[in-house]
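Below: one structure, written as structure tokens.
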Amino acid sequence: MFRYTLARSGFGVLAFRRAYVLTRFAHSAPKNEYRPIKKVMVANRGEIAIRVFRACTELGIRTVAVYSEQDTGQMHRQKADEAYLIGKGLPPVAAYLHIPDIIKVAKDNGVDAIHPGYGFLSERAEFAQACSDAGVMFVGPSPETVRKMGDKVEARSLAMNAGVPVVPGTDAPISSLQEAQAFAQTYGFPIIFKAAYGGGGRGMRVVREYEELEENYQRAYSEALTAFGNGALFVEKFIEKPRHIEVQILGDKYGNVIHLYERDCSIQRRHQKVVEIAPAFQLDPHLRDRLHADAVNLARQVGYENAGTVEFLVDKHGKHYFIEVNSRLQVEHTVTEEITDVDLVHAQLHVCEGRSLPELGLKQDKIRVNGCAIQCRVTTEDPSRGFQPDTGRIEVFRSGEGMGIRLDSASAFQGAVISPHYDSLLVKVIASGKDLNTAASKMSRALAEFRVRGVKITWMSNAQSDLYSLFLCSYPGHVMVNGPTTPIPVKAKPSSTDPVVPPVTMGDPPVGFRDVLLRDGPEGFAKAVRAHKGLLLMDTTFRDAHQSLLATRVRTHDLKKISPFVSHNFSNLFSLENWGGATFDVAMRFLSECPWKRLQELRALIPNVPFQMLLRGANAVGYTNYPDNAVFKFCEVAKENGMDIFRVFDSLNYLPNMVLGMEAAGAAGGVVEAAISYTGDVSDPMRQKYSLEYYVKLADELVKAGTHILSIKDMAGLLKPEASKLLISALRDRFPDVPIHVHTHDTAGAGVAAMLACAEAGADVVDVAVDSMAGMTSQPSMGAMVACTKGTKLDTGIALEKVFDYSEYWEVARGLYAPFDCTATMKSGNADVYENEIPGGQYTNLHFQAHSMGLGNKFKEVKKAYAEANKLLGDLIKVTPSSKIVGDLAQFMVQNNLTRAEVEERADELSFPLSVVEFLQGYVGIPHGGFPEPFRSKVLKSLPRIDGRPGASLPPMDFKSLEEGLRATHGDDITPEDVMSAAMYPKVFQEFKEFTANFGPVDCLSTRLFLDGPKIAEEFEVELERGKILHIKALALGDLNKAGQREVFFELNGQLRSVLVKDTVAMKEMKFHPKAQKSIRGQVGAPMPGKVLEVKVKVGSKVEKGQPLCVLSAMKMETVVNSPMAGTIKAIHVTPDASLEGDDLILEIEE
């Protein structure tokens, strides 16, 4: 009853308003001409249909919508009083072009008038005639006028008769390519094809060269045929860079014609207007008057009635040329309405009924310009892909509003599905103000307020916070459906407790050793270190500690939190090791974050403590050899981003490799710390391959090469207290002025004792990790070293209570990484490291690998095999990558149940791991004492061998070419840091960029959410930046759809959001069109969703770069897919009429 009462009440108001309007006009209009309109059909869709419906409702007129089968969910259907299906079984566009269906619906439902909107049938004379024949009024000019104005050639002739200048062009529509060629030969290039029976940029192509003529003729003809039902074209001389000025006219049935001033529509893309301004700015007043006069004269000559637009081009000399008349309402009519206060749709309807312009108060002397208005068309097009139309569902929609802003839209709401079948216009934003600057500032503000996610749009908002919001649902949704993106070695779950950062004092942090470095340079810094009283510490918590204990998985998110505390309370640290080594590739590979961004952000938070990185000599931060210029460039970029100390080592202590790294670090302006990798036992007279004399001689070479600091890198924790005294004493005696830095691991549990012995023997710096991240395969305890030296000549000057606070943070933070914690499978260190010599980080990794391969119960055998493999390879220095080579051989031996003797005996027939073979070839360098023979010869047989430094023969890396390739693949936001990442790890960087393209930056997510995702009904917060916090709640997981996706629902800041996530497991069992892989050269993907119109090549065809391969159609626009390279067609994956999604594989080309 309540709903019925509302309906009756609404109809009463509508009837009263309509009665008032009719009474008011009944006394003034000639009775024989007046035909009141009670019901209007709009033969169109989208925002123009809604615009007309609103005007009708204001005038008390009932409304009727028509819709295609593809438009059943569109908003225009819901905005009308009645709605009817047309074109059943027809293609999407053809439905709105099917005149018999439209007329039948009108006749069957008592429609008085049909408004054509714009596009579709709006300029089809046969449609206007069909309306007239059916006794239904056509809201527009007469059929004859529509015919004259719709025929661009006849319109040109009429313009010339009216004395209006025109652009040189054909006198009639052309019917063949030969006619176009003849015109081009007469007038020269450039020329332009235009659809003879429609506008809006459809069927329009500019041709600048003869070679482009045939292809553009075919595309223009096909587009015009699809959009307007007639492919006829005419040709004009193309005027370069003109202004596009159009004059709004309005006429009635009594010969009255007025203009409502002009609009500047010069900002276009693909001949479609994007921004329109009224009135035209900086237009010569005399030219403005001539444009108005020519437009009105032309309209009067043809007896024009209703609304229309006369369009002109104005060249750089101020000469104007008539181009066409659009005998309909224009998309940009809104700006004219804003500056003249004339409702053009109201006027159209009244004129159609028989009212005269004077009766409507529309006299030329009464029309005034009031301020300025700008319209921007927001379309669903992807700027990063050449503005190709984009389709899909709008996940987020928030519009810009406020004073001076008008929005005309239809599908602009959350949940709307953008179809590939129609125009890509999403919403028209109209800003008005007292002048152009005011209107522009309002427009800029309104566009900045828009938030549209789910489909690409023609501009990107400058507000990063909402750019992340959809990503911050997409990634957790992906994890909820598919599980963690980073491999989880054990089933342990991250802790649900986040660490609490201890209090940090306000103000700037105290002066630290970095201030000395910045003031005095590397040499002065080294002198200050050597002159320092007491023992200096380097904290490895930010790198090697978590590399050893947590599989290098600690995220920047957790490092940043504790950084201010470190800066304020540990300013007297020698340095903070926080970068390089395995952290570089793992950041991209497993943590989906940029290693350079980590360095930049930590540098900003810790300005006073020097940063130290691990540089693998000629291998930089990789596992292979790089051209020399790549190593130099890497160090240069690292220094620019905040790195201070480069600890340079080589996995074999191969001097040429080390010297290259030292030179690169020095050239970059960094502190050079040459690190000698330690193995063996200098205190054991029975082990003389790596004797005390060996280390002193190597150190002598490094000091001669210019190192600022000398380092001992004890990567397996083999230094015993006695060996520490012998080695460091010998080095101190030999180099009294060179600072000595010692690095070790605590695998055997003797790390603190060994470091105290080193300090007593003269070491200036030793490495430690905070207590909760120390011990086992990590470094010795910071707290233990601070406590043991307190009050002695080695006092570190560090407050022990601050170490406790620091340790408490990491104790809780470590729980977040439980799936990677070595304690999941390893409960203690082991002194057997003195026998197997496995480096700390590798010890942890081997333990994990053994368990994952089902060899957990055989880890003791793996360790024994490691020692045997080391002997097979000649007793190597073991540190990445040489340690991996030994480890690969050890696991090979265990998996194949081979002894050392069996491997030696069968070396010529076994299939060894690639890393072992490449080592024996010389790709890593030359080990101390040479390669093991005859083992090497038996393995390599006839394979090539490398003599000398492996990277010496590599050609320089072309960074310019690399950057150009990256920009072509990923867009223009490629940085010098990105170039270096790609240079070091091409495939890893490619995968990282693909991840960020899909999910955006995820570094603001908490670690538990990143690793494990949220639980249903869990609420969490994400801080995008200071003062911007998103409140998110995971609501539900949807069922699997036909596309292999699940809808995941969230509540974001109180608003419902959902994302579609591909179920990777389910999709393996479903068949889908393959996607083009950007990383595979020659795979050509669809640049946009659409339909295949034509395939222009066959398998085996030879193609040139830029040659057309196929033609796609979407949103009434045709796109030619050109070949990205020269080659031969290897395979074709599409056929004509096939429907494609974006990036679907079209064909493959091989060089």
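Cβ coordinates are placed from backbone N, Cα and C, and glycine is handled just like the others.
Automatic, uncurated: that is what TrEMBL annotation is.
The active site annotation in TrEMBL covers Arg328. Taking the Cβ of Arg328 (active site) as reference, residues of its chain lying under 8 Å away and at least six apart in sequence are, in sequence order, Pro116, Gly117, Tyr118, Ser122, Glu123, Gly140, Ala307, Gly308.
Among the features that TrEMBL reports, ATP binding site is placed at Lys152, Glu236, His271. Here the Cβ of Glu236 (ATP binding site) has 21 other Cβ atoms within 10 Å, regardless of which shown protein chain they belong to.
The Mn(2+) binding site annotation in TrEMBL covers Asp544, Lys713, His743, His745. The Cβ of His745 (Mn(2+) binding site) lies under 8 Å from the Cβ of Ser548, Asp714, Met715, Ala716, Gly717, Gly751, Thr777, Ser778, Gln779, Pro839, Gly840, each on the same chain and at least six residues away in sequence.
The Cβ of Thr880 (substrate binding site) has 20 neighbouring Cβ atoms from other residues within 10 Å, across all protein chains displayed. What TrEMBL lists as substrate binding site is Arg616, Thr880.
According to TrEMBL, the domain 'Biotin carboxylation' annotation covers 36-493.
As annotated by TrEMBL, domain 'Pyruvate carboxyltransferase' applies to 535-804.
Residues within less than 8 Å, Cβ to Cβ, of Lys713 (Mn(2+) binding site) and separated from it by at least 6 positions along the same chain comprise Arg647, Phe649, Ala675, Ile676, Ser677, Tyr678, His743, Val879. Under the heading N6-carboxylysine, TrEMBL lists Lys713.
What TrEMBL lists as N6-biotinyllysine is Lys1116.
Sequence-distant neighbours of Lys152 (ATP binding site) (same chain, six or more apart, CB under 8 Å from its CB) are Pro173, Lys194, Ala195, Ala196, Tyr197, Phe234, Glu324, listed in sequence order. Residues near Arg616 (substrate binding site) in space but far in sequence (CB under 8 A, at least 6 apart, same chain), listed by position: Gly581, Gly622, Tyr623, Phe649, Asp650, Ser651, Gly661, Thr880, Pro881. Residues within less than 8 Å, Cβ to Cβ, of Asp544 (Mn(2+) binding site) and separated from it by at least 6 positions along the same chain comprise Glu577, Gly581, Leu614, His743, Asp767, Ala769, Ser778, Gln779, Gly840, Gly841. Neighbouring residues of the recorded Mn(2+) site, listed in sequence order and excluding Asp544, Lys713, His743, His745, comprise Thr540, Asp714, Met715, Thr744, Asp767, Gln779, Gly840 (Cβ within 8 Å of the Cβ centroid).
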